[in-house]
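Q: Structure below; questions to follow.
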Amino acid sequence: MTAIQTVHVGGSAPYTVTIAPGLIDDGAVLTQALRGRHLLLVSDANVAPLYAARVEAAARAARPALNIGRFVMPAGEHEKTLARFGECLDALATLGATRDAAVLALGGGVIGDLAGFAGACWMRGIDVIQVPTTLLAMVDSSVGGKTAVDLPSGKNLVGAFHPPRAVVADTTALRSLPDRELRAGLAEVVKYGAIFDAGFLDWLEAHADALLARDDAALAEAVARSCRYKADVVERDPFEHGDRALLNFGHTFGHAIETEQGYAGASGDGLNHGEAVAVGMVLAARLSADLGLAPAADARRLQDLLQRFGLPVAVPPGLPPEALLARMRLDKKADARGLRFILWDAAGAARVVRDVPDAAVLAVLGA
Ligand code: NAD
Ligand code: ZN
């Protein structure tokens with residue numbers, strides 16, 4: 001039996017992340033933060049048939065008087081729209097949701113972001129319970145309070161900071177996750193080691209096979225440790241004015257790859273977000289070595305670990321270095337002073353580096 005792990009996220013609106021196998025059937029944990037009698041369960045068409053009835057039954061067993069509604073939308077990033085957000089608010093209206101109502105987001109980051117934003121806006125903000133079902137959502141998007149939807153002109157352009165009241169991560173939900181999604185989540189797990197803690201990279205190297213085999217204890221440990229790193233940095237910098245930017249390690253390169261490919265990852269013919277971040281982290285590590293900031297051996301170590309997780313580590317063919325560099329200049333993370341990167345001094349020690357010369361960037365991109 002894997003023990004229940006909890007991670008406390010402090011700050012002005014503190015909450016707890018609870019991690020263990022079986023929590024989807026644990027009504028007491030799922031409803032720990034509920035204040036009123038209305039609960040809207042938000043999910044997508046892949047996740048709802050697998051888990052929604054179980055969550056509802058567990059919640060109802062714990063709180064028999066609950067008035068539970070369900071909003072299920074089609075799956076995928078291209079559904080993270082203002083139109084679906086509006087439908088979600090309509091579902092709250094239909095439910096008769098009052099100010100003490102709660103939204104329960106059951107799904108990956110798309111559902112967490114959209115339902116979280118609906119919770120941030122309904123009656124100027126109600127409680128949100130995050131029940132992440134992808135590894136990426138468990139280790140990243142469900143913690144930290146960022147919510148958003150996309151516009152045709154760009155990702156995550158409309159949103160709010162609205163911390164959840166509780167996060168409940170059931171590692172057994174990851175058993176149904178497609179392999180590629182698991183690997184994408186592992187890239188973000190590796191990211192925490194790369195940024196904050198070389199000792200976590202040791203642990204990941206030792207437990208890579210168990211993680212790929214979806215061993216509950218290994219997954220719970222990886223999720224809990226990842227949430228702790230994220231919680232620490234979110235507590236220090238809730239609105240991303242400083243340290244929280246370190247979480248973008250690998251993301252400047254990664255976003256450039258994703259946008260240059262036209263976000264083709266969902267259709268299977270491009271890299272998805274986690275894969276692009278894996279490539280981006282290797283490039284950031286190499287750039288650090290090329291600039292004389294960090295040992296080249298650390299970049300090789302990171303590359304080996306990502307490869308063990310089945311992740312790509314090189315820029316896909318057909319993406320010209322100049323085009324990727326142009327994308328990075330447009331990225332919102334580039335500020336007025338020129339290209340800014342999250343690089344590292346060594347594995348586990350990332351920092352912001354400004355004014356990185358174009359020639360060095362082009363060199364790691366293969367020009
Ligand atoms: P996702 O929500 O699209 O889920 C990936 C796919 O897996 C979907 O098809 C989904 O239906 C399916 N799925 C989910 N759980 C499943 C399960 N247990 N079994 C079977 N299938 C399952 O994608 P994601 O990778 O979880 O999240 C990506 C989103 O997260 C992006 O929109 C990104 O912007 C956002 N994000 C937000 C933050 C934040 O801080 N708010 C951080 C990182 C990413
Ligand atoms: Zn990411």
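Here the Cβ of each residue, glycine as well, is placed from N, Cα and C on the backbone.
According to TrEMBL, the feature domain '3-dehydroquinate synthase N-terminal' maps to 71-183. Among the features that TrEMBL reports, NAD(+) binding site is placed at Gly109, Val110, Ile111, Gly112, Asp113, Thr133, Thr134, Lys146, Lys155. Taken from TrEMBL, the feature domain '3-dehydroquinate synthase C-terminal' applies to 185-334. Residues annotated as Zn(2+) binding site in TrEMBL: Glu188, His251, His273.
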Q: Below 8 Å Cβ to Cβ and six or more residues apart, same chain only. Which residues does that give for His273 (Zn(2+) binding site)?
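A: Looking at Cβ-Cβ distances below 8 Å from His273 (Zn(2+) binding site), excluding near sequence neighbours, one finds Leu136, Ala184, Gly254, Glu258, Gly265.
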Q: Please report the distance from the Cα of Gly109 (NAD(+) binding site) to the Cα of Glu188 (Zn(2+) binding site), rounded to the nearest angstrom.
A: 13
Q: State the Cα to Cα distance, in Å, between Lys155 (NAD(+) binding site) and Glu188 (Zn(2+) binding site), rounded to an integer.
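A: That comes out at 19 Å between the alpha carbons.
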Q: Looking at NAD(+) and its recorded binding residues Gly109, Val110, Ile111, Gly112, Asp113, Thr133, Thr134, Lys146, Lys155, figure out the farthest C-alpha pair and report it in angstrom, whole number.
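A: The span, Cα to Cα at its widest, is 21 Å.
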Q: Could you list the residues of the same chain, at least six apart in sequence, whose Cβ is under 8 A from the Cβ of Asp113 (NAD(+) binding site)?
A: Lys80, Ser141, Lys146, Thr147, Ala148, Val149, Asn156, Gly159
Q: Take the mean position of the Cβ atoms of Glu188, His251, His273, the recorded Zn(2+) site. Which other residues of that chain put their Cβ within 8 Å of it?
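A: Neighbours within 8 Å of the Cβ centroid, excluding Glu188, His251, His273: Leu136, Asp140, Ala184, Ala187, Lys191, Gly250, Gly254, Gly274, Ala276, Val277, Gly280.
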Q: Restricting attention to the domain '3-dehydroquinate synthase C-terminal' (185-334), give the mean pLDDT.
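A: In the predicted model, the domain '3-dehydroquinate synthase C-terminal' (185-334) has a mean pLDDT of 94.
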Q: Quick one: of Lys155, His251, which of the binding-site residues has the smallest count of other CB atoms within 10 A?
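A: Ranked by other Cβ atoms within 10 Å, the binding-site residues Lys155, His251 bottom out at Lys155.
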Q: How big is the Cα-to-Cα gap, in Å, between Ile111 (NAD(+) binding site) and Glu188 (Zn(2+) binding site)?
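A: Just about 18 Å between their Cα atoms.
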Q: Is it possible to list how many residues within the domain '3-dehydroquinate synthase C-terminal' (185-334) are helical, extended or coil according to DSSP?
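A: Residue counts in helix, strand and coil order: 109 helix, 0 strand, 41 coil.
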Q: Measure from each Cβ of the binding-site residues Gly109, Thr134, Glu188, His251 to the atoms of ligand 1 and list the residues where some distance is under 6 Å.
A: Gly109, Thr134
Q: Using Cα coordinates, what distance in whole Å links Glu188 (Zn(2+) binding site) and Thr134 (NAD(+) binding site)?
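A: Checking the Cα atoms of Glu188 (Zn(2+) binding site) and Thr134 (NAD(+) binding site) gives a distance of 12 Å.
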Q: Give the distance between the Cα atoms of His251 (Zn(2+) binding site) and Thr134 (NAD(+) binding site), rounded to the nearest whole Å.
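A: For His251 (Zn(2+) binding site) versus Thr134 (NAD(+) binding site), the Cα atoms are 19 Å apart.
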Q: Counting every protein chain present, what is the number of Cβ atoms, excluding its own, within 10 Å of the Cβ of Ile111 (NAD(+) binding site)?
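A: Result for Ile111 (NAD(+) binding site): 33 other Cβ atoms within 10 Å.
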Q: For Lys155 (NAD(+) binding site), which of the three DSSP-derived states applies: helix, strand, or coil?
A: strand
